[in-house]
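Data first, discussion second: the structure below is written as structure tokens.
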Amino acid sequence: MRIESNLKWHILLILALFISLMPIVFAVSTSFKELSEAYSNVLGIIPDKPTLSNYLRIFQELPLNKITFNTLVVAATVTIFKVITSVMAAYAFVYFDFKGKNLLYFILISTIFIPFTMTMIPNYLIISQIGLRNNIMGVILPQLSDATGIFLIRQAMRSIPMPLIEAARLEAAGNFQIMANIVLPLVKPAVISTGIMFFINSWNEYVWPVLILKDTTNYTLPLALQLFVSSEGGTDFCLAMAVSVVTMIIPLGLYLIFQKYIINTFTSSGVKG
Amino acid sequence: MKEIVFENVCKKYGKNLIIDNLNFTIKSGERLILLGASGCGKSTTLRMIAGLEDITSGNLYMNGKRVNDISSGKRNISMVFQNYALYPHMTVADNIIYGLKVQNIAKAEISSRLKAAVEMLELGGLENRKPKDLSGGQRQRVALARAVVKRSELLLLDEPLSNLDAQLRVHARKELVKIHQTYKQTFIYVTHDQVEAMTIGDRVAILDKGRLQVIDTPSNVYNKPANIFTAKFIGSPGMNIFAAAYADHFLKIGKQSVKLPEFWSAYIGKRNCREFYLGIRPEHIFLQNEKRKNSFVGVVKYVEEYGSHCGIYFDLEGHEVVASGTNTALKPGTNIYFTLDSARMHVFDKESKKNIGYPEVCYDNVYQYQSV
């Protein structure tokens, strides 16, 4: 019975894995094909005549090094800033007592549900007025305010048994010591997965940079990708896929490095006592 | 050493009164037990001493200094939590010395204190393990080690043995007393287990619904309970309490009456106490096979087997009474005859439910058993 039901699940999982991996395999494979083969041999995974010409071309046609650097600066700044502020705000919401705490938290969390399209125009006007259009600072700034991290990290902190914090308080540990020595090590998986989520979201951000950035040298990777998708002479899939692969590499590498923490978030149940 | 004084201390959560006007003094260097059923406010009292709970009104003094607004870290106390509160990501050694590191104590001093604590609590070889790799007993000892390395003047323990099995508990009780004798800290120990309270405590404070019922030595709490609550709460089974009356040298329980010894007659007579509650512990009821002069009669209800002896429950004029005995063959419904040990009788005022005291002869060590 057990093996049988496991088998069912395994088939389902293999199917899901296939569905989710297929586009990536397709992208990588097409990026090494010549355009003619991309049309004639659409589903072939291994190209007949593998070529690096697509990669050489995209780096020649666009300042891709600069664009990748821009994207990294935006994503890293947004991630680091949001992780730090989210951890500190979550700590305050969990361990400090102050008047109006719950109301403030409620207001803060409800901002998560404000759609991007509602803040888009006011944000655009503000960024224009302070002269940050066509500047990656203008891309970064509106992304910094986000309560999602506060919510996620607060939930993780709330699962820490209160006596652990009280024990540290009795030892005369200050709030920064408690945060660094007790709370952060215990919520590390949650912080890291929140950080990765921030990074990937910011890395993939498209609509806002499109509004703000004008010059190609200031572009981020999703904008560069768009250049190849909708060029007037029709889409060159091979080039578009090569840019896709470049866009994927850094988030994928980060995910591979930190994946054990992401898995930990779901499996760690903490030690009693 | 720390002396702690509670002065009219109250604690409210919203509108709920948790601690009601607490007034007592914890002497420096003593082992004081806070005993009570769950929800009686004993842990809240301990947490107020620790500074983990605010005091709603009243004053708390430590060594003469008011500490209401002093943060817990500045009170120089150690505490053992019920679930031990060990840091799961730190090794045993790091758990023990965390507080010392926070206080920037010299490394040599830290390692010598760690060594002493590890030796005393038999934790050798476990220093590099994580709490999750320890047994319940070992975790409890790590928590104790963490509390003793601090060498504070006050050690608070919140039901530290409640997660241990019965055998380990006996061992841990001895260990706690040993720690106290070594470091001579003031011990404040919260428990709902009266055996722990009686064996560990120099004095026992019994709380009920946020009110202090009594604070006294374990012997007095058991043998001379100050009120009905204490009498019933301490002892297993607790003391039998039932309404009784006094008239003309006779003790009346329902329709039955027996003659009281002269010392009780005089004592009760002098206090003009006609109706009262009579208390008697199960082991101070003497069962007899047949009716004698001055014996009461009851009807057996059921018998509980304890191993070394048994508890015989019987009906006495509508009151359920339990006596210690050895005869497990008693059948429900049969008559049972018994006398009461008059030197171990307790009389409680009907209104205030307080103990009215004892004739002098009851305090006298040379006093011989005399049945009522």
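Backbone N, Cα and C atoms are what each Cβ position is placed from, and that goes for glycine too.
The model shown is predicted, which means the values in this text are computed figures rather than measured ones.
Feature annotation from TrEMBL assigns domain 'ABC transmembrane type-1' to A:68-258.
Annotated transmembrane segment per TrEMBL: A:72-96 (among others), in sequence order. Sequence-distant contacts of the transmembrane segment (A:72-96) (same chain, at least 6 residues past either end, Cβ-Cβ under 8 Å): 105, 108, 136, 139-140, 143-144, 146, 148-150, 152-154, 156-158, 165, 175, 178-179, 183-184, 191, 194-195, 198-199, 202-203, 205, 209, 220, 250.
Look at TrEMBL and you will find A:103-127 (among others) tagged as transmembrane segment. Cβ atoms under 8 Å from those of the transmembrane segment (A:103-127) belong to residues 89, 93, 133, 138, 141-142, 145-148, 150-151, 154, 207-208, 211-212 of the same chain, restricted to positions at least 6 beyond its ends.
Tertiary proximity for the transmembrane segment (A:178-200) is limited to same-chain residues at least six positions away from its ends with a CB under 8 Å from its CB atoms, namely 75-76, 78-79, 82-83, 86-88, 91, 95, 146, 148-149, 152-153, 155-157, 160, 164-165, 168-169, 251, 254-255, 258, 261-262, 264-265, 268, 270. Residues or ranges marked as transmembrane segment in TrEMBL: A:178-200 (among others).
The transmembrane segment feature in TrEMBL is assigned to A:239-258 (among others).
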